[in-house]
Ligand code: ATP
Ligand code: MG
Ligand code: FE
């Protein structure tokens with residue numbers, strides 16, 4: 001089955017063609033980063049307008065990449081929730097219209113479940129291996145930070161999440177404070193490489209042995225404090241609020257280290273609490289070289305299998321949508337003729353049963 005995936009939940013217009021949930025025939029992405037950079041973040045109405053401009057050219061690009069015609073596809077999967085509603089509406093309307101005109105089935109996909117699936121596109125062996133479960137997935141993206149335990153195929157439980165900012169926001173807001181371009185993650189990752197992570201001290205919220213820790217927030221996260229702490233440090237240390245270039249690597253390495261420390265420690269705690277056999281790191285922040293390295297070390301030490309999502313499937317893409325869509329569309333009960341978009345989504349409780 002060849003599924004056409006459509007993603008428009010934020011500032012990437014993405015179209016993919018994926019065969020049988022894993023063979024990625026095309027993965028076209030049109031990013032709007034330049035359009036939103038001046039605002040230091042994504043403007044929903046601007047995003048919607050750009051999706052409208054870009055969706056058809058991106059589809060053409062995907063069809064050309066795969067050397068396929070629209071008639072060759074068997075179904076359409078589209079991000080239905082959660083995300084920026086004006087942006088989601090464009091993708092859903094496009095997918096619905098396409099499905100109607102082609103006489104194909106369509107299904108709505110939860111964007112966060114798709115981020116998890118991003119790690120499984122090239123690891124289909126895991127799906128049918130009962131001994132790989134429970135699987136502990138840490139989703140770290142621009143708008144979410146969530147810990148899931150997937151006990152078995154078809155059964156997913158949210159065991160922790162952020163109570164305020166997402167990990168990606170901690171990067172993006174730090175960049176804004178420091179006058180660095182949006183999105184902050186990639187540039188902070190690069191600049192931090194040459195810095196000393198022990199130069200500055202940043203809080204590690206909700207970690208055991210810190211004042212903020214409690215049993216109740218054992219597997220939860222809070223990243224608004226670390227951002228405020230950066231703002232205060234900058235104001236106190238550099239009088240005009242401008243951090244000189246030579247001080248950025250140490251400052252960013254220390255800041256990044258506090259985020260990485262919290263993320264990897266919580267993932268380890270969740271994996272231990274639930275006896276997870278496999279770890280999966282996904283979402284845009286999973287591109288970060290420091291978190292990848294830290295989680296890799298942790299996995300080796302604890303003897304767990306680790307799935308590090310390939311960077312191209314970490315940030316928003318439609319291969320993860322089409323891939324997960326395949327597992328829904330092959331099951332008639334999930335298929336619909338019309339997908340409704342919604343900005344918010346219920347907590348994910350199940351992924352399809354992968355067979
Ligand atoms: P969500 O999936 O929660 O709706 P989103 O789709 O906007 O949010 P993604 O596309 O998954 O998020 O990821 C974008 C985020 O990833 C941004 O916050 C960006 O700064 C961050 N990011 C990308 N690359 C890196 C990196 N190398 N290091 C840290 N963060 C990164
Ligand atoms: Mg994005
Ligand atoms: Fe995303």
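Just so it is clear, glycine is given a Cβ too, placed from its N, Cα and C backbone atoms.
Residues annotated as domain 'Gcp-like' in TrEMBL: 23-322. The Fe cation binding site annotation in TrEMBL covers 111, 115, 316. Positions annotated as substrate binding site by TrEMBL: 139, 140, 141, 142, 143, 172, 185, 189, 288.
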| said: For a quick check of understanding: among the binding-site residues 141, 288, which residue's Cβ has the most other Cβ atoms within 10 Å? | reply: 288
| Near-site residues: Fe cation, ref 111, 115, 316, CB cutoff 8 A to centroid | 7, 9, 10, 79, 83, 112, 114, 118, 141, 283, 317, 320, 321
| What's the most sparsely packed of the binding-site residues 111, 115, counting other C-beta atoms within 10 A? | 111
| task | Go through 143, 185, our binding-site residues, and report the one whose Cβ sees the most other Cβ atoms within 10 Å. | result | 185
| said: Does any of 141, 143, 185, 288, 316 have a Cβ within less than 6 Å of an atom of ligand 3? These are the binding-site residues; tell me which, or none. | reply: 141, 316
| query | Among the binding-site residues 141, 143, 288, which ones place their C-alpha within 10 angstroms of the C-alpha of residue 115 (Fe cation binding site)? | reply | 141
| said: Using a 6 Å cut-off on Cβ distance, which of the binding-site residues 115, 139, 141, 143, 316 come close to any atom of ligand 2? | reply: 316
| query | What same-chain residues, at least 6 away in sequence, bring their CB to under 8 Å of the CB of residue 316 (Fe cation binding site)? | reply | 7, 9, 10, 11, 12, 14, 29, 284
| note | residue 185 (substrate binding site) falls, by DSSP collapsed to helix, strand or coil, into helix
| query | Going through the binding-site residues 139, 143, 185, 288 in sequence order, which have a CB under 6 Å from an atom of ligand 1? | reply | 143, 185, 288
